[in-house]
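Structure first, commentary second.
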Amino acid sequence: MLAIGITGSYASGKTFILDYLAEKGYKTFCADRCIKELYQDLKIQTGILKLLPELETFNIGKISNLIYNNDLAREKLQNFIYPLLIEKLIQFKQENVNSKFGFAEIPLLYEAKFDKYFDFVVTVHCSEEIRMQRATTRSSFDVEIYNKIKEIQLSQESKIAKADFAINSGVDMLDLEKQINNLIANLECRV
């Protein structure tokens, strides 16, 4: 199986493209969804509360606020949760070893050095205006957190430069499908 990492800035369209690929029958893995599942585990909640006692109670909103305003807390949480995420990613790859392609959306792929787990990386990108417009439609939108996320992520330009492929999601659906089909055709040549 070719393992393809999908990354990009906040609200760039990564999940939309991952879900589109899943609808087309490709095997997919979403880091954000996986982490949300991990957070349901009481042992993991307890571990996070021991690691970050200032939280007092396990609350996703509190965690977000803390990690985007406290570099040390973010680093502690990442050091705790990333090995668990890597286990789940490796399990996904093993379970789908006979598939031609496996696509995994990892928002902080380069920042967390997850690129080593992939044969190819795709960066999904669009203009800042479109990203902000998309972000504001989310129920959890907070402009301060949006700006903090931008600060800790590599720039969109850096992610595009590092990637093997780039998809501009700031286009109409027909053009987006064409780009995804071109990506698949390119990957087919590399199997």
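Backbone N, Cα and C atoms are what each Cβ position is placed from, and that goes for glycine too.
Now, the feature entries from Swiss-Prot:
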type	residues	note
BINDING	Ala11, Ser12, Gly13, Lys14, Thr15, Phe16	ATP binding site
DOMAIN	3-191	domain 'DPCK'
Those same-chain residues, other than Ala11, Ser12, Gly13, Lys14, Thr15, Phe16, found with Cβ within 8 Å of the centroid of the ATP-site Cβ atoms are Gly8, Ile17, Val124, Arg134, Ser169
CB contacts under 8 angstroms to Ser12 (ATP binding site), restricted to the same chain and 6+ apart in sequence, sorted by sequence, are Val124, His125, Cys126, Arg131, Gln156, Ser169
Around the Cβ of Lys14 (ATP binding site), other Cβ atoms found within 10 Å total 26
Would you mind checking how many other C-beta atoms are within 10 angstroms of the C-beta on Ala11 (ATP binding site)? 23
Counting only residues 6+ apart in the same chain, whose Cβ is under 8 Å from the Cβ of Thr15 (ATP binding site)? Cys30, Asp32, Glu105
Winner by Cβ contact number (other Cβ atoms within 10 Å) across the binding-site residues Gly13, Phe16: Gly13
Helix, strand or coil by DSSP: which one applies to Lys14 (ATP binding site)? helix
